[in-house]
Amino acid sequence: MEENNHGSQYSPTVACIYVFNLVVGTGILALPSVLVTGGWFLGGLFLVLVSFCSFVTVTFMLEAMATANALIRLENKNGIEEHTLLAIEASEMLLEDGTPNDESHALQQQSDRQLFQIAKRTELGEMAGLFFNQWGIIFFYTALILYLFGDSVIYSTMVARSLVGFFSGPTPAPWTFDMYLVLFVVFSVPLCFFDFQKTKLLQIMTMAIRNICLYTMIILAIVTLAKSGRHDKEVPHFNVLALPNLFGGTVYSFMCHHSLPSIVTPMRDKSRVLRIVGMAFMSVIVVYLFLFISCGLAFGTGVLDPITFNFPPQQYGIIGDVLFLFPVFTLSSNFPMLSITLRNNLDTLFQLLLRKARNAPHFETVARSPQQVARAAGRRRILLTLLAVLPPTFFSYIAEHSNMSVDELVGITGAFAGCAVMFIIPATMVYCSRKVFAKVYMDMLDEKKKLLKPLPLPKNVHASPFSGQCWVFVILIWAVLAILFNAFENWTNHSTQ
């Protein structure tokens, strides 16, 4: 299978930057306030637990991506022959007692690496088509599109509102939101037509600005602590009553799963992909914990949400101005990444529906030249990109002028669609991928009468270190708890309004 990266490749360090930028989204703005409510012990413990569960499901997604590449490679012409040649050669080098020697072990590893190499970008939609049944595919696309669409609405609304608040003050003209929303779209749309590789410079600049802002807030909180002393007397150690709030505010603070195929596939060296993702998660945890501890000690239970409101421009001057625009820096780079992911999965859905239509009776296929196919793909890319960007922007406009609460949309997309994308889909996908691959591989071997003895099932070189089936059920139980607690929090918020 030819390597298909849809553009230039980049180093693992750049991939780490992409993951970091995706994870540190809107969640960090409210995170210190949420953690302080839970208390020192429960808040910190919950943050580490959430990051661990999220990392487990990231490893599930990486394994499923490698399995999808292996299935596609096997189903290509001569795919099973190319793999079995090495596998048979390795099996013939076994010692008399059946144990592998060094040479046979090296050949088997080479065969497995070639089979499970992540060379083709397989979007989540394509993997769903490979591993799920019809109802699973419907559930997948419903959850993914709802989550990405909802997040795009939230991002465009928050950026426009932040710009209105910064430039127009507390009493802006009615048209100012529309103006800044249009400016945001004009800036974002050109980036959405490309792939992730083309936004590399923006991502690097965003990470630099984002880290400067985050560590500036930590330093300012420490300075406040040094000047005014500790204000954490009312911060509890363990507040069980804050569990619904903790689930609602922290469960999705480590979301990057929906864009992993577009981030990982262009990496030049994928042998260290698990380490790179782990480094990104550790960096995020360090920032989150520093921000939690410094703000908790400096402001106590009075820490404001969002965190940038604790450093007003009236008190901190130009530094306060920059921090006030932190949501703009944070979300302006994430919006194109969400739109690119949504466009790619809409394209996968279109291809799936087209294949089903071609299999239907009375469907006439028309032969087309490579140039016609390329032009059609270009037109489809433009149409799907606009479909991924413009409807969320229009919905943002409607929400603003009808006084709709963005918090309600956050509750819906985060509590249900976000939980599916982050926990339910990765857990069920890795479970089904293992079953599907084992069946397809053994069925293909059964057709090869020339094999003298059965071959062992190939080992996925990108297999999750949490390979036991118990981990799948642990994640699903966590997902159910997250949904229940989020539903309870949303119901409580509505009932008190």
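Residue 1 is the first one shown; counting continues down the chain.
Keep in mind that glycine also has a Cβ here, set from the backbone N, Cα and C atoms.
It should be emphasised that the depicted structure is a prediction, and the values quoted were computed from it without experimental measurement.
Lifted from TrEMBL, the feature list:
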DOMAIN    125-432  domain 'Amino acid transporter transmembrane'
TRANSMEM  12-34  transmembrane segment
TRANSMEM  40-62  transmembrane segment
TRANSMEM  130-149  transmembrane segment
TRANSMEM  177-196  transmembrane segment
TRANSMEM  208-226  transmembrane segment
TRANSMEM  238-255  transmembrane segment
TRANSMEM  276-304  transmembrane segment
TRANSMEM  316-335  transmembrane segment
TRANSMEM  382-399  transmembrane segment
TRANSMEM  411-432  transmembrane segment
TRANSMEM  470-488  transmembrane segment
For this session: With a Cβ cut-off under 8 Å, give me the same-chain residues at least six positions beyond the ends of the transmembrane segment (12-34) that come close to it.
Result: 43, 154-155, 158, 196, 200, 203-204, 206-207, 210, 214, 242, 245-246, 248-250, 252-256, 259, 263-264, 266-269, 272-273, 276-277, 279-281, 283-284, 287-288, 291-292, 295-296, 303-308, 326-327, 330-331, 333-334, 337
Seminar exercise, completed: Best-packed against the transmembrane segment (177-196), counting Cβ pairs under 8 Å over 238-255, 316-335, 470-488, is stretch 316-335
Exercise. Of the listed stretches (208-226, 238-255, 316-335, 470-488), which one yields the highest count of Cβ-Cβ distances below 8 Å with the transmembrane segment (40-62)?
Worked result: 238-255
Exercise. Counting Cβ pairs under 8 Å that sit 6 or more residues apart, are there three or more between the transmembrane segment (276-304) and the transmembrane segment (208-226)?
Worked result: yes
Seminar exercise, completed: Lying 6 or more residues past either end of the transmembrane segment (316-335) yet within Cβ distance under 8 Å of it, the residues of that chain are 21-22, 24-26, 28-29, 152, 155-156, 158-159, 162-163, 165-166, 184, 187-188, 192, 199, 202-203, 206, 209-210, 213, 216-217, 220, 306, 308
For this session: Determine which recorded stretch among 130-149, 208-226, 382-399, 470-488 has the most C-beta pairs below 8 angstroms with the transmembrane segment (238-255).
Result: 470-488
For this session: Residue list, the transmembrane segment (470-488) vs rest of chain: Cβ under 8 Å, 6 or more residues beyond ends.
Result: 53, 56-57, 60, 243-244, 246-248, 251, 411, 414-416, 419-420, 423-424, 426-428, 430-431, 464
Problem set entry | Surrounding residues of the transmembrane segment (208-226) on its own chain - C-beta under 8 Å, 6+ positions past either end | 21, 24, 28, 287, 290-291, 294-295, 297-299, 307-308, 310-311, 316, 319, 322-323, 326, 329-330
